[in-house]
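Notes follow once the structure below has been shown.
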Amino acid sequence: MAVAGFVFCRPLFGLAIVLLVAPIDAAQRHTASDNPSTYNIGGVLSNSDSEEHFSTTIKHLNFDQQYVPRKVTYYDKTIRMDKNPIKTVFNVCDKLIENRVYAVVVSHEQTSGDLSPAAVSYTSGFYSIPVIGISSRDAAFSDKNIHVSFLRTVPPYYHQADVWLEMLSHFAYTKVIIIHSSDTDGRAILGRFQTTSQTYYDDVDVRATVELIVEFEPKLESFTEHLIDMKTAQSRVYLMYASTEDAQVIFRDAGEYNMTGEGHVWIVTEQALFSNNTPDGVLGLQLEHAHSDKGHIRDSVYVLASAIKEMISNETIAEAPKDCGDSAVNWESGKRLFQYLKSRNITGETGQVAFDDNGDRIYAGYDVINIREQQKKHVVGKFSYDSMRAKMRMRINDSEIIWPGKQRRKPEGIMIPTHLKLLTIEEKPFVYVRRMGDDEFRCEPDERPCPLFNNSDATANEFCCRGYCIDLLIELSKRINFTYDLALSPDGQFGHYILRNSTGAMTLRKEWTGLIGELVNERADMIVAPLTINPERAEYIEFSKPFKYQGITILEKKPSRSSTLVSFLQPFSNTLWILVMVSVHVVALVLYLLDRFSPFGRFKLSHSDSNEEKALNLSSAVWFAWGVLLNSGIGEGTPRSFSARVLGMVWAGFAMIIVASYTANLAAFLVLERPKTKLSGINDARLRNTMENLTCATVKGSSVDMYFRRQVELSNMYRTMEANNYATAEQAIQDVKKGKLMAFIWDSSRLEYEASKDCELVTAGELFGRSGYGIGLQKGSPWTDAVTLAILEFHESGFMEKLDKQWIFHGHVQQNCELFEKTPNTLGLKNMAGVFILVGVGIAGGVGLIIIEVIYKKHQVKKQKRLDIARHAADKWRGTIEKRKTIRASLAMQRQYNVGLNSTHAPGTISLAVDKRRYPRLGQRLGPERAWPGDAADVLRIRRPYELGKPGQSPKVMAANQPGMPMPMLGKTRPQQSVLPPRYSPGYTSDVSHLVV
């Protein structure tokens, strides 16, 4: 069953294949059969030789199977080119279009003009019939709005601008003057040069710029006015497009102005090369095969055959139009054939044949011609197609060139001016600017005039400039020998690239402002200022080698330590001070308790010495703790017990550590250097973190601003600081000094100068974005190399180092700052004012306490006087009583004595008279206080120790008056005194025989 099914399906499968393939073959056969088999090629030629060669070429083409498919035949239809363009139009219609030509090959005599070829192009283009020109080189044929179907195997004249660029690159000329006629071709070659140079120099370091464009009317009679302008320009390289007749006038007048001699370079196009007065040494271009009509005819025919062959294989070609009277004819195949023609790239007799979008020949070869004596033309180079690289290549033999003035050495191509227009800008310490007074007529010897020109009213304000860059300029002008006029930047800016409305235009375009704009627009020759070298600026201007290497850094104000009245307390934290204060009183309390409860402290043993030291009370313990802490000596009692004394020793060690730590920390905190910066550098987290309350800024539009824009990792920081940016560096630095701006990011040279001038300012962190300051010059300036070499010599000789010391590091000011930094900081009144205030408070407290004590003492004295009066009265009364008692007792004893005597001896008489000589004491009249013999003061001093119960009596006084106690202040032991009552004293006598009762 499977085999039967397969056998049944095979016919169906084969039928399907046939049905699918048949339409394709039918379509191919239909296409091939629908295309014409014969093609008429028209020719509008200038002479019979060209007509004959055209016919021969067509015949040979039919046998070339590489270009002609089978069953396809080409036929030629030719007419003679008429000088009358109208007649030419009729001939094209009647003899070419009527014969259904598919394309037309056109040539004409060079002297007949381009009107007839243009007529052929207009007529054929109206019917979309392609036209291939072999001799028309005017720029007008490149306009596809007019010549819609025109191609040519020769390049237009303005394509020589491409060769000019190659020659300038070969000779390394960077500045040129272009001379061209004001016709279509002259303006076309200028436009081609400017347009092509934009892309040509993308990969070339040295760019040729047009210094001056001189446009003249064709058929001129004199070129003198233009030569005057050319002579004042720097460039001595002239690129000229002119007809042969105009070139004769230009060369004639240039010779009279001596502008065709030594040092000048003339590069001209083909027409000017054939002038009969072309100076010796002129270089010109000559198109290869320019006059080879036969070669161009053959190449045009084969290009056409190649296009038709490809078109036949791809699509159907409709028959060409036949009637010029039918204006409704729209031959689409003709338009398609024109596109196929433009895409051709073949190797022909005239070289590599290819076309651009305008149908103009590309890859055309040129000979570089050098004019010698007697108008001899010598080929010194070729501009030809390199098949290996598939591009054009310039080859010039420099040794064979004879330059103007019969020189073998290549001219510099530029006249180096010796008087330059210089610009600068105020930027301390590089440029100081001072306005001249009304009575001043000249600047100081170390200054140079630098007026500020007002662009609005063309007035000038007189200023004088001095500084680092001015000294450099003075030395530079001497070294490389130039004079100058110095002026200030008109807008006071270095310049940045901004969008701006063009004059008279509605569109925005980018342009440079400030110093850079003046240089780019060639209103200045040189910029002598602290101009940072960066890629954005180097694209538009030249820089010398750096005269000052620097980078970017951060300026901030030095952090100042706030000095308060309690600065002396800052070495310890508040918590530590509180703990110390608490510890003093806790230790005092523990000392008191240990001494009180110790068996060897408060309580004395019964057999202990009466002179043993007393135990420590609470007030003495507090005094002891403070005395040890403050190391003031201890004048009060010390701990008596062993346990309290151990604690006292530990407390003394604690006090020693605390005092030593305080002293050391005070020295470190107040005497050592303060921290120099708050920021560690550009990578400081506070700069990168936009949430921090830290303001930083730079100068808007400056090189530093451009640096931050380039750095992706600094984009967040730049967005934050962009709103704070300043117009000038001076404003930002002032705000840093005032504390309004915390960090100013700018060139290190300027900030180092500010830091050396003001000891309160400091640069933070390391340099970043390293670059250098260079002298700016115009692109291609002849002074670039000379300035660079001079600056290198200045570095080697030490001149730049001298300028650094003189201007940037600010001489003695920097030394003073260094001295300030090296000198140890000393404590001042700000730091220690609190200590003096503390002493003052202590003095005031002492005075207050003494006043209180005096008042209290007066009150006590009054009270004591009352007590003394009462005591005196009591003592007087007591003395009287004692006296009476004594007398009575004496009488009684006398009586007893007499009784005894009477009983033993004979009775006698006792005289009561007083013997004053024998008993002087008894002869004195005694008051109550002198009832006892002796001095009253001694009597009272002896009696007071027994008056312990009396109010107001000091225990210390009582203790001091005890027998055996040390005498006050002398440390001596008082002698033992009798404490017997007066009646038992030695002054008392039992002899009372002298008393009379």
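In case you wondered, yes, glycine gets a Cβ from its N, Cα and C as well.
According to Swiss-Prot, the listed position annotated as N-linked glycosylation site out of N276, N693 is N693.
Judged by membrane topology as recorded in Swiss-Prot, N617 shares a side of the membrane with K865. Site annotation (Swiss-Prot): glycine is bound by P530, L531, T532, R537, S703, and the candidate from D485, D491, D747, D758 recorded at this site is D747. Swiss-Prot gives the label N-linked glycosylation site to one of N501, N617, namely N501. Taking the Cα atom of each, N314 (N-linked glycosylation site) and N345 (N-linked glycosylation site) are about 18 angstrom apart. Nearest to N345 (N-linked glycosylation site) in space, judged by Cα atoms and limited to the binding-site residues T532, R537, S703, D747, is R537. Shown in sequence order, V380, G381 are the residues of the chain, 6+ apart in sequence, with a C-beta less than 8 angstroms from the C-beta of N397 (N-linked glycosylation site). Least crowded of the recorded positions (N481, T532), judged by neighbouring Cβ atoms within 10 Å of its own Cβ: N481. The Cβ centroid of P530, L531, T532, R537, S703, D747 marks the glycine site; residues of that chain outside this set whose Cβ lies within 8 Å of it are F494, I533, N534, S702, S771, Y773, G774, given in sequence order. Mapped onto three states, the DSSP output places N397 (N-linked glycosylation site) in coil. Taking the Cβ of D747 (glycine binding site) as reference, residues of its chain lying under 8 Å away and at least six apart in sequence are, in sequence order, P530, T532, Q550, G551, I552, T553, S703, V704, Y773. For the pair formed by N481 (N-linked glycosylation site) and L531 (glycine binding site), distance between Cα atoms is given as 23 Å, rounded to the nearest Å. As a whole number, the greatest separation of Cα atoms within the glycine-binding residue list P530, L531, T532, R537, S703, D747 is 16 Å.
Confidence in the topological domain 'Extracellular' (27-573), given as mean pLDDT, stands at 88.
Taking the C-alpha positions, the distance from R537 (glycine binding site) to N258 (N-linked glycosylation site) comes to 38 Å.
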